[in-house]
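Colleague: What Swiss-Prot records for this protein is below:
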- 7-17: compositional bias 'Basic and acidic residues' (COMPBIAS)
- 24-62: compositional bias 'Basic and acidic residues' (COMPBIAS)
- 135-151: compositional bias 'Acidic residues' (COMPBIAS)
- 173-194: compositional bias 'Basic and acidic residues' (COMPBIAS)
- 234-248: compositional bias 'Basic and acidic residues' (COMPBIAS)
- 275-286: compositional bias 'Polar residues' (COMPBIAS)
- 289-317: compositional bias 'Basic and acidic residues' (COMPBIAS)
- 327-352: compositional bias 'Basic and acidic residues' (COMPBIAS)
- 355-364: compositional bias 'Acidic residues' (COMPBIAS)
- 365-381: compositional bias 'Basic and acidic residues' (COMPBIAS)
- 430-489: compositional bias 'Basic and acidic residues' (COMPBIAS)
- 571-625: compositional bias 'Basic and acidic residues' (COMPBIAS)
- 683-705: compositional bias 'Basic and acidic residues' (COMPBIAS)
- K10: SUMO2 cross-link (CROSSLNK)
- S65: phosphoserine (MOD_RES)
- S202: phosphoserine (MOD_RES)
- S230: phosphoserine (MOD_RES)
- S352: phosphoserine (MOD_RES)
- S354: phosphoserine (MOD_RES)
- S361: phosphoserine (MOD_RES)
- S428: phosphoserine (MOD_RES)
- S504: phosphoserine (MOD_RES)
- S515: phosphoserine (MOD_RES)
- S563: phosphoserine (MOD_RES)
- 1-211: region 'Disordered' (REGION)
- 226-493: region 'Disordered' (REGION)
- 527-705: region 'Disordered' (REGION)
- 571-624: repeat 'Inhibitory domain 4' (REPEAT)
Amino acid sequence: MNPTEAKAVKTEPEKKPQSSKPSVVHEKKTQEVKPKEHTEPKSLPKHSSDTGVKHAPKEKAVSKSSEQPPSEKSTKPKTKSQDKISGGGKSTVPAAAAAASAEPADKNKENKLLTSAVPAESKPSKPSGKSDMDTALDDLIDTLGEPEEMKEDNTTYTGPEVSDPMSSTYIEELGKRESTPPPKYKELLNKEEGIAGPPPDSLKPLGPNDAIDALSSDFTCSSLQLTTCSPTADGKETEKEKSTEEALKAQSAGVIRSAAPPKEKRRKVEEDTMTEQALQALSASLGTRKPEPELDPSSIREVDEAKAKEEKVKKCGEDEETVPSEYRLKPATDKDGKPLLPEAEEKPKPLSESELIDELSEDFDQSKPTEKQSKPTEKTEASPAAAPYPVAEDVPRTSMCSLQSAPPTAAPAKGMVPDDAVEALAGSLPKKEADPEDGKPVEDKVKEKAKEEDRENFGEKEETIPPDYRLEEAKDKDGKPLLPKEVKEPLPPLSEDVLLDALSKDFTVPSDTSSPQFEDAKLSAVVSEVVSQTPAPTTQAAGPPPDCARDNKELDDALDQLSDTLGQRQPDPDENKPVEDKVKEKAKAEHRDKLGERDDTIPPKYQHLLDDNKEGTPGKPKDQRAQGIRNCGEKPAGAQDPIDALSGDFDSCPSTTETSTDTPKDKDKKPASVPKHLGNGGKAKDSTKAKEETSKPKADGKSTS
């Protein structure tokens, strides 16, 4: 149902009885004029066809009544008759639904056909005034086919009776209508102005005609009048305008100034309106939209673009080089062209209490000047100098919002400057005495009662150690505690003279010596320990005579003989004992033959070396030393004895035969046991001696020649 039709029904209630009295005589005429438009589908029930026949005389009566008024109001009865027909159709639909079970789709189609038949019935009564739009609509309606036949559903309901015990009661909201608010509240509303009234009974949406009228009112009419208070010029003015005014007033919540649209404009708009059924039929005659063809993905080709490379471009001003010379910052220079140093910012000095009081009490009551007391006041750059007030003006009562000052008692005298008043006020204050406690350090007022307590650490005493973790005394097999090992008495320290005498014993035998005599065993042990612990003292001996040439080889032999003269070291009983490994390893030792360990593993080209050793050179280092001593004794005439060469500076005696004869005796007495600290040195000497023996024949050949 169109909203314009509903409004037309509401606005003209006085014309309803005229058009609502149908005559039975006109039923046959309407059926003869338009038999096509009243044809109902065959499948419809009987009661639906009866209702259609009943509506026909009403439509005819409406068309006749609409012809009587003048042409200006001819459009209104049409809309009214349509509204009544549609209203009548609506009233008969529930009755038809109660009589038989017909589908709601058939009823809607039936109502549409009835409403579309109304403008077609007015053809014979008014053929001359028919517009082209009406004829086009009639032709379009004729092209529509009959509705499809629907099979009747004759199944009867055999279930239990359906009952709806619920009842609905409508409760009206307070203040929705003018009659609902209490009388006292109405008085308050009447007293206050500018408050919008209550909303209307039912807010109906504006139709297209009302919207067009409201929008085109300002263009068509120049004179403005208040719609809320303007009286209607025509006595037959309908309630349609009032309803539009109420709707506009509710939306804008204020007074709206608009002019009523002219009647000619309204008539044209109503004539041009098309019904919904005609628009639906027109849209159905249009063809369906063809779907767009889908794109074939195989036809799409990928475009290969060159790979973009990132290049870093220097921006203007990023570096100092890119900034133009005109825009570069130039440092400030003096007359000589040297850059000026930045001036140090002067920090404002903190104000004292007296200065703060002076500044705060500046605008308060100023006493009369008695004598100008000059007191120097330190003023910083931050506090600007106060300008003198004009003579006629009074000092303001307050300078700060948070301070409340007393009213001024007297106006300042002529020529009075606020600085003088501040100085006078500051001079009246006593001088601040220095607090002796200012320089003292802050003492803690909180006294702690913590005391230091000595606590024994766990394990510090044997009592605090658990029995499982205490050290057990070493016991023997019988369970007796082992006696502590006797500490060896440390040997007496020897002076440098005693050591020199012990070392040079074999070289010189001085007649008058007061050195203590030690046993050979003790002396050898002491000497070996001292040599191992401390380095031997360096003695500077006089150089050999220039006419006797000495060879490095002879010096080495002399040193070897000197090392043999050292006493024997007492063997340590625990030295040869194997070290017991507490960690038991499961690794098994495998014996592998080393190259040269047996005669079979020696290559044939090295066999002659072994044969030479068997014949001449012994394999042990002891025999090598003995052989070296023999070779030294068998030197040809002209070669000097190495012992004589070394002991020449120490011994003043000319005879050297005794020392040469004593050396084999000492060697026979002392076995070839080398001290522990000289073990590595002996091995090194053996290797050097083997090289020297090979070079001995060459040296002998040179000496003989």
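Using N, Cα and C of the backbone, Cβ positions are placed for all residues, glycine too.
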Colleague: Hey, which of the modified residues S354, S361, S428, S504, S563 is the loneliest by Cβ count within 10 Å?
Modeller: S428
Colleague: If you measure S354 (phosphoserine) to S361 (phosphoserine) at Cα, how many Å is it?
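Modeller: Cα of S354 (phosphoserine) to Cα of S361 (phosphoserine) measures 10 Å after rounding.
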Colleague: Non-local Cβ contacts of S352 (phosphoserine) (under 8 Å, 6 or more apart, same chain)?
Modeller: none
Colleague: Out of the modified residues listed (S361, S428, S504), which are within 10 Å of S563 (phosphoserine), Cα to Cα?
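Modeller: So far as Cα distances go, none of the modified residues lies within 10 Å of S563 (phosphoserine).
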Colleague: Within the compositional bias 'Basic and acidic residues' (173-194), how many residues are helix, strand or coil going by DSSP?
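Modeller: Output for the compositional bias 'Basic and acidic residues' (173-194) reads 9 helix, 0 strand, 13 coil.
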Colleague: Express the predicted model's confidence over the repeat 'Inhibitory domain 4' (571-624) as a mean pLDDT, rounded to an integer.
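Modeller: Taking every residue in the repeat 'Inhibitory domain 4' (571-624) and averaging pLDDT yields 71.
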Colleague: What whole-number Å value do you get for the CA-CA distance of S361 (phosphoserine) and S428 (phosphoserine)?
Modeller: 13
Colleague: On the DSSP side of things, how many residues of the compositional bias 'Polar residues' (275-286) fall into helix, strand and coil, could you say?
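Modeller: DSSP classes over the compositional bias 'Polar residues' (275-286) add up to 10 helix, 0 strand, 2 coil.
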Colleague: For S563 (phosphoserine), name the DSSP secondary structure in the helix/strand/coil scheme.
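Modeller: Its secondary structure by DSSP: helix.
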Colleague: Give me the DSSP three-state residue breakdown of the compositional bias 'Acidic residues' (355-364), ordered helix, strand, coil.
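Modeller: DSSP classes over the compositional bias 'Acidic residues' (355-364) add up to 6 helix, 0 strand, 4 coil.
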